[in-house]
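One structure is given below, encoded as structure tokens.
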Amino acid sequence: MAQTADLCDKHIGDIASCLLGDKSVAVLPSVFKCYGGNKTFSGPAFTVKCHECNTLVRKALEGPGEGRVLVVAGGGVLRCALVGDALGELGMKNGWAGIVVDGPIRDSQAMASMALGVKALGTCPLKSDKAAADQGQQQVPVTVQGVAVRPGDWVYADWDGILISRKQLD
């Protein structure tokens, strides 16, 4: 996979182009930290929208990943973790390339040793509410830190950041 900086140079240019140009490629704000063992990952997005309940996150990771990236739109809420080591293990076992969480994860030390890309806003030891009335939605357009992400969009992540593209980039 090409590095996100190189992809920006080729497909976006500079900040003026990003702000004024075609929004087919967007950069997520630099608020995400690397937690997984794989620091570079990419693949088509599978989206989950949820609020303090990771039931649909588990459901997604129980299915075949097929090299996709799970994008969890948790609304940036930091009160509880939406992914932990058990879900990371599921993601690895089922062929997911990575997970981007707009919220915290837990079990970060265990996640660091997994062959899985994980980006999140931070950590929180508290698990999510499994009995939440609104358990969320899967495979719907979501907004992550102000950037629209649709199912099937391409996600590119590395140490420098995360790009979202409407199509696969070369």
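All residue numbers here begin at 1 and follow the chain in the order shown.
Cβ from N, Cα, C; glycine included.
Lifted from TrEMBL, the feature list:
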BINDING   Gly84, Asp85, Ala86, Leu87, Arg106  substrate binding site
BINDING   Asp107  Mg(2+) binding site
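Put simply, of the binding-site residues Asp85, Ala86, Leu87, the one whose Cα is nearest the Cα of Asp107 (Mg(2+) binding site) is Asp85. With a 10 A radius on its CB, Gly84 (substrate binding site) counts 22 other CB atoms from all the protein chains. Considering only the residues assigned to substrate binding, Gly84, Asp85, Ala86, Leu87, Arg106, the longest pairwise Cα distance works out to 10 Å.
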